[in-house]
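Chemist: Handing you this structure, nothing more for now.
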Amino acid sequence: MAPTNSTELYMFDFHQAADGIQEQQRQEQAGKNLGTTKKGIGPVYSSKAARSGLRMCDLVSDFNEFSQRFTVLANQYKAMYPSLEIDIEGELNRLKDYADKVKPMVKDGVYFIYEALHGPPKKILVEGANAALLDIDFGTYPFVTSSNCTVGGVCTGLGIPPLSIGEVYGVVKAYTTRVGIGAFPTEQNNDIGDLLQSRGHEFGVTTGRRRRCGWLDLALLRYAHMINGFTALALTKLDILDVFPEIKVGVSYKVDGKTIPYFPANQEVLNRVEVEYKTLPGWNTDTSNARTFEELPENAKKYVQFIEEVLGVSIKWIGVGKSRESMIQRF
């Protein structure tokens, strides 16, 4: 079993309950919510920022001290949300049992990573859990998650020094999707969006919600590259586009009739941008059996090359199906 980082924040049941209450309050007060997964992510990060959260190292150290701090935190949440019911004694009994079980598996995460970096040669692969535009600082705020899911999260989340970061690979679908609320300039609320959704089986992993779908947005992807500095890209789900006679790609935005060179931080502005598209011919050919770049239809190759030219980033992998083998590696 992998070791658990001692500096990780501990999420409690009342964090998750508070998440649901907050969403309900937003809906009642403003007529709309953030569309969170209601898993408690926002409230636990709020506890972190308020410096009242409890970490794994607290759980497995002095449990009396942990119990006192837990009681204070639980009562704070009960004061903020009167409808919240917390069995403090019952929760502490359950957490004491957890502490005894997980203590042998807990290590100092920074030291563990440092040993991996400076000891016998090891490969370290860090996988981001969310898309770049869901980053708390650089995403489509407030419709974002509560952490850094851009490359900076490697440093702030694991304690890895910036100079130790090697290759940075961006993973992007051949079209664009989004779950829940938030600006989506290239969204297709029409038969095209429906076809992308059905062919791509686009449903949220956590919530099961139907994903919104649209054309590939290179203005958005260019912004993600500005922040992350991609070494190369992995382009997935190219096969989903096999049936389209023509394919549009968003290349830039206009605001008030003027092309802008940046990605708007303000949601009101982003919601009213006019997307400038480049229309490319489709290939109307099944690509799912291709295993080399040369085996792709000519127009599919041109689609890949167009993305590379606009972004100035090479596409190293191309996904053409669900299986692990359905991946073309170019270099």
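The backbone N, Cα and C atoms fix where each Cβ goes, and this holds for glycine too.
Take a look at what TrEMBL says about it:
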type     : residues                                               : note
ACT_SITE : LYS48                                                  : active site
BINDING  : THR37, ARG51, ASN130, THR145, ARG209                   : IMP binding site
BINDING  : VAL205, THR206, THR207, GLY208, ARG209, ARG210, ARG211 : substrate binding site
BINDING  : ARG211, LYS237, LEU238, ASP239, GLY319, VAL320, GLY321 : GTP binding site
Chemist: Rounded to the nearest Å, what's the C-alpha distance separating LYS48 (active site) and LEU238 (GTP binding site)? Just drop the number here, would you?
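Modeler: So the alpha carbons of LYS48 (active site) and LEU238 (GTP binding site) sit roughly 40 Å from each other.
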Chemist: Which has the fewest other Cβ atoms within 10 Å: ARG51, LYS237, the binding-site residues listed?
Modeler: ARG51
Chemist: Name, in the order they occur in the sequence, the residues of the same chain whose CB lies under 8 A from the CB of ARG211 (substrate binding site) and which sit 6 or more residues away.
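Modeler: Correct list: THR177, ARG178, VAL179, GLN197, GLY200, GLU202, PHE203, GLY204.
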Chemist: Could you measure between ARG209 (IMP binding site) and LEU238 (GTP binding site) for me? Cα positions, answer in whole angstrom.
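Modeler: Approximately 22 Å lies between the Cα of ARG209 (IMP binding site) and that of LEU238 (GTP binding site).
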Chemist: I'm trying to understand the geometry here, so how far is the Cα atom of THR207 (substrate binding site) from the Cα atom of VAL320 (GTP binding site), in Å to the nearest whole number?
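Modeler: The separation of the Cα atoms works out to 26 Å.
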Chemist: Taking only the binding-site residues ARG51, THR145, GLY208, which one has a CA atom nearest to the CA atom of GLY319 (GTP binding site)?
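Modeler: Going through ARG51, THR145, GLY208 one by one, the closest to GLY319 (GTP binding site) is GLY208.
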Chemist: Determine, to the nearest whole angstrom, how far the Cα atom of GLY321 (GTP binding site) is from the Cα atom of VAL205 (substrate binding site).
Modeler: 18
Chemist: With a radius of 8 angstroms around the mean position of the C-beta atoms of VAL205, THR206, THR207, GLY208, ARG209, ARG210, ARG211, what other residues of the same chain does the substrate site pick up?
Modeler: VAL179, PHE203, GLY204
